[in-house]
Amino acid sequence: MNIHEYQAKELMQARGVAVPQGAVARTVEEAVAAVRPLVEATGNPVVVLKSQIHAGGRGKGRFKEHPEVAGVNVITDGLKGGVRATEERVRELAKAMLGSTLVTVQTGESGKQVNRLYIEQGIDIGRELYLSVVLDRAVGRNVMMASTEGGVEIEEVAERSPEKILREHIDPLVGLANFQAARLAHGLGLTGDALKNGVRFMRALAKAAEELDTDMIEINPLVVTKQGQVMALDGKMSFDNNALFRHKMVAEMRDTSEEDPAELEASNYGLSFIKLDGTIGCLVNGAGLAMATMDIIKHVGGEPANFLDVGGGATTENVTAAFKIITKDPNVRGIFVNIFGGIMKCDTIANGVVEAVRQVGLEVPLVVRLEGTNVDLGKRIIDESGLNVVSAKDMKDGAQKIVELAK
Ligand code: ADP
Ligand code: MG
């Protein structure tokens, strides 16, 4: 699960990780009202208006409805016109941003609607660095990565100049040791107060990652101010869903409007569903069989439209829901139902498929391969339904048939 920047900063601040001051706003009035207290608290007339979406690249992003407005805006009007001028500028920008569609390199062409803004104190940036904590699955530990190339996509740095990425693995019992943080901070060229603050920042961040069960915390940029402070100017956090039950506060930060509608609906029915770009819809039970099904579809020259595991305990209702989610995708040219009934009975699947077709119709070819418990009953249900279904004798046969029919 991902959360917004302002939520990530709230979680970091509560754990001693330095962030600028700011306030979230869902309306224009809330945005305007946030300015004065912020300027008074910080003594800084510069404020920054930031779009809150689950995607980066906002600074260089532009709104579809207002191509002149960026996703992140540094407002300096207060320098000459006082707080009132800043408030007016915030009103103008917030009106344009809220409800509009922001397109960045990470959102794709369609962009994302901005429903929340973050009003943040303007920071006098000295240097922009990169810092993250990600789970290194190969080592089974979190790793802290640091780079002097702040503001740049880390994938780009990794490709162009991998030697510029510094790494320290974090012992889960000890945390990030002082010497490790110091090594990273030296590597980033920090000295004096910035060195001390950087070490403190890194250790607090490593601890936060451990405490919150994050998959990733990415601070890009991490800034060093002209006064030697070290702060998270941006913050992206994602969590291991399997650990969310331990973090009620984090679970409540979920913003379902940011999620793919089909994936969201699937999760409401307890289905594991991931949308892909191909044309063959797959309805499978068990994650292993689902992956094998995608492989075999590719092997015979097709492209899967989704990964879908209906799970072991699926009911007719779940299977109906799964079928509907697949048929809603306009790219789907054919559906392959591939079931090995162990715990999951073949007649349950058959009933679900028949029920779903009754409800939503069937406009594309359907190939069904059933095997396992109650297979004869399942086949009979499909045969007697009068549906236009092609049955397959095994997995490869089914994959070949559906790829052929979908052409
Ligand atoms: P994104 O990564 O989505 O583009 P960032 O939060 O990294 O968004 O902001 C983009 C840029 O905007 C930063 O690199 C920085 O130059 C500027 N910026 C962001 N927040 C502030 C702030 N509080 N004060 C000053 N400049 C900021
Ligand atoms: Mg950023």
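Every residue number used here counts from 1 along the chain in the order it is shown.
Cβ atoms here come from the backbone N, Cα and C positions, even for glycine.
TrEMBL: automatically predicted annotations, no manual curation.
Now, the feature entries from TrEMBL:
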type	residues	note
BINDING	Lys50, Gly57, Arg58, Gly59, Glu120, Ile123, Glu128	ATP binding site
BINDING	Asn220, Asp234	Mg(2+) binding site
BINDING	Asn285, Gly342, Ile343, Met344	substrate binding site
DOMAIN	9-250	domain 'ATP-grasp'
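Most other Cβ atoms within 10 A: among the binding-site residues Lys50, Arg58, that distinction falls to Lys50.
Counting neighbouring Cβ atoms within 10 Å of each of the binding-site residues (Gly57, Gly59, Gly342), the lowest count belongs to Gly342.
Restricting the average to the domain 'ATP-grasp' (9-250) gives a pLDDT of 95.
Taking the binding-site residues Ile123, Ile343, Met344 in turn, the residue surrounded by the fewest other Cβ atoms inside 10 Å of its Cβ turns out to be Ile343. Across Asn285, Gly342, Ile343, Met344, which the record gives as binding substrate, the greatest C-alpha separation is 10 Å. Filtering Gly59, Gly342, Met344 by Cβ distance to ligand 1 (under 6 A) retains the following binding-site residues: Gly59.
Fewest other C-beta atoms within 10 angstroms, among the binding-site residues Asn220, Asn285, are seen around Asn220. Looking at Glu120, Glu128, Asp234, the binding-site residues in this record, the fewest other C-beta atoms within 10 angstroms of the C-beta turn up around Glu128. In sequence order, the binding-site residues near Glu128 (ATP binding site) (Cα within 10 Å of its Cα) are Asn220, drawn from Asn220, Asn285, Gly342, Ile343, Met344.
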